[in-house]
Amino acid sequence: MDALLSSIDQLFTLSTLLTMLIGVIAGVVAAAIPGFTITMAIVLTQPLTFQMPPLQGIATMLAVYVGGSTGGLISAALLGIPGTPSSVATTFDAYPMARNGEPGRALAIGVWASFFGAVISAIVLILAAPPLALVAVKLGAWEYFSLIVFAMTVVASLVGRSVLRGLMSGLLGLLLASIGPDPMMGIPRFTFDTDLLAAGFPFLVVLIGIFAVSQLLGEVEDADQVRHGKALIASQVSFRPLDALRETLMRPLGLLRSSLVGVFIGAVPGAGGSIANLIAYDQARRASKTPEKFGTGTAEGVVASESGNSSTAGGGLIPLIALGIPGSAVDAVLMASLMIHGISIGPRLIMDHADLVYGMFLAMFVAAFLMLAVCMTSMRLFLKVTRVPRYVIVPVVLTCCVIGAYALNNRLTDVYLLLGVGLLGYILNKLHYPLAPLVLGVILGPIAETNLRRALMTNEDWSLFFTRPISLALLTLAVISVVMTLRHRWRTRSA
Amino acid sequence: MSADPTSTARSDSDRARGSALAHVIFNALLAIGFALLFWRAGDLPASMWEPLGSGSFPRLVLGALICFNLAIIVEQLRRLPHTSALAPGSIRRWLWQHRLALAVLALLTLYLLALPWLGFALASLSFLLATQILLGARSPRRLGVAGVIALVFSFGLAWVFADVFGIMLPAGVLG
């Protein structure tokens, strides 16, 4: 109780709340600009927190994280370009909804879903951090590999007209991920002794190139509309947050299910928001009474994706706090910050620094409320993007993408890879290949390969993938996912 | 004014045949490339510590990719007999329809090639101005706005990154 009171005392000071507010704004803005990411925002924030007391520093970075988890929604809904990998599924419904003349509704529903996702994840974090962390770390290499297989089949079946093209797109992503140094031995693969391919394809460069470049080139195909200064959305734009709140709360079960999916996937080290939003979306579609409406601009899809990705922020803290294992790149930066403040991470963290841990739990709640306030007051401003003529928005966003690709590693070669990937994305788009599986393939490729090889290094017996219960369950889900999708499409075609 | 039914049917048929041919060519090229990579992956060293070497996972992926390429080629070839031959000038018409997208792509390529020479600020200024003019900033008012936007997102962003974030964007030979 003393620790809780002490954390409240430290957190609810004017300076901490102010830095958290700035953190939320920075996170929302960074994630909203295609090419800029939450990780980049957190890394840039970190040095500014060195002089702060530990809880203030961590709370500020958590605020950037929570703000960033929502900011990706803005470019996903308005431009069809996911601001972060965790908002890929948001493009499936929020973008069509915006294109149907309801960008304000798409943003408002997304913000409410993100808010509830973050709050639910904070509650789960408080109640179930230690037991969930123990389950998450019990997953061995076999289960990780099977989880990736399941995630890939979910993604491939989610998007596009053809499962075959979806699977091919995912495999193409896995192939791109295998270019560059081998994740286990560091041996260069398919680099052809060039500097361009020596470091491989960073997944953020692929994300920016595949979505942003192809989407923006698509925006300028209609010469008449572009030259007459036509904006992205021609109709009148309205923003009604209370209507959106009602729409979001009309689906309490879906909201809870997507949030819990996000918390659990977030708690699995290495998986994170990039998978969570897609699995949450898939679960929502399967549970829906109107699955055929998914992908056309339904509120259910936006709620599932946004609550799923926002709840990974709390989920990622579970293994970090309970076991000292960072679940994602962002959690690793948070962990480094704690260490810089002289706090050792591990199972004893909750015993030795209970006030700090309670403070982090409370900071998640506070950040969620600050995010809601910031987004609700600034969304009208963001909606003005839809009024900007295409001849302005296309070159400006392309320039931001180039900066984002370069600033990631300060490498010019990444900028050239951006161009190559962008061209590939445009061709795939024209041929109606879904792009989301490709990006997921690039993100998950190294995790899949490392765990497959690690599993076989531990025990050469392949049958373990089918005899370990969790691994078998995940592989069964993967098969069910493909079979059900094929059956659904076959029925739709014959109807 | 309604569209001529004959020309609409013709254009749908062109689209179906064009799409099928594009899939066949694209997948055939990919399959050849993947087969070459599959063969090259065999040269990657094996490890004495693990049953799978450096080349095993890529070969697994490449093998699956080649199968998918062939499946898509077969699927599209089965569709081809149900479409009529492409009308003369179809490719030229497609290129003309996509002229702005292709021109933006060409400008983006020039911009990225110029980055190491001109530096970020100058190259971006030129790209932003040229692309906005190409896409429709032709009147004096639009040109003025385009100029301000180009300045803010080139020299302005270079200044923000250097002085606020401490990230130096490419300075170029002239920088």
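Cβ coordinates come from backbone N, Cα and C, glycine included.
Note that TrEMBL annotation is computational and uncurated.
Values in this document were obtained by computation on a predicted structure and should not be read as measured data.
If you check TrEMBL, you get these features:
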{"type": "DOMAIN", "residues": "A:17-440", "note": "domain 'DUF112'"}
{"type": "TRANSMEM", "residues": "A:20-45", "note": "transmembrane segment"}
{"type": "TRANSMEM", "residues": "A:57-81", "note": "transmembrane segment"}
{"type": "TRANSMEM", "residues": "A:106-129", "note": "transmembrane segment"}
{"type": "TRANSMEM", "residues": "A:141-160", "note": "transmembrane segment"}
{"type": "TRANSMEM", "residues": "A:166-184", "note": "transmembrane segment"}
{"type": "TRANSMEM", "residues": "A:196-217", "note": "transmembrane segment"}
{"type": "TRANSMEM", "residues": "A:260-281", "note": "transmembrane segment"}
{"type": "TRANSMEM", "residues": "A:317-344", "note": "transmembrane segment"}
{"type": "TRANSMEM", "residues": "A:356-376", "note": "transmembrane segment"}
{"type": "TRANSMEM", "residues": "A:388-406", "note": "transmembrane segment"}
{"type": "TRANSMEM", "residues": "A:464-486", "note": "transmembrane segment"}
Which stretch, A:20-45, A:106-129, A:196-217, A:356-376, A:464-486, tops the Cβ pairs under 8 Å count with the transmembrane segment (A:57-81)? A:20-45
Cβ pairs under 8 Å between the transmembrane segment (A:356-376) and the transmembrane segment (A:464-486), at least three: no
On average, what pLDDT score does this prediction assign to the domain 'DUF112' (A:17-440)? 84
Which bits of the chain, at least 6 residues beyond where the transmembrane segment (A:196-217) starts or stops, bring a Cβ under 8 A of a Cβ in it? 34-35, 37, 79-82, 85, 91, 173, 176-177, 179-181, 188, 190, 394, 397-398, 401, 404-405, 408-409, 411, 413-414, 416-426, 428-429, 435, 438-439, 442-443
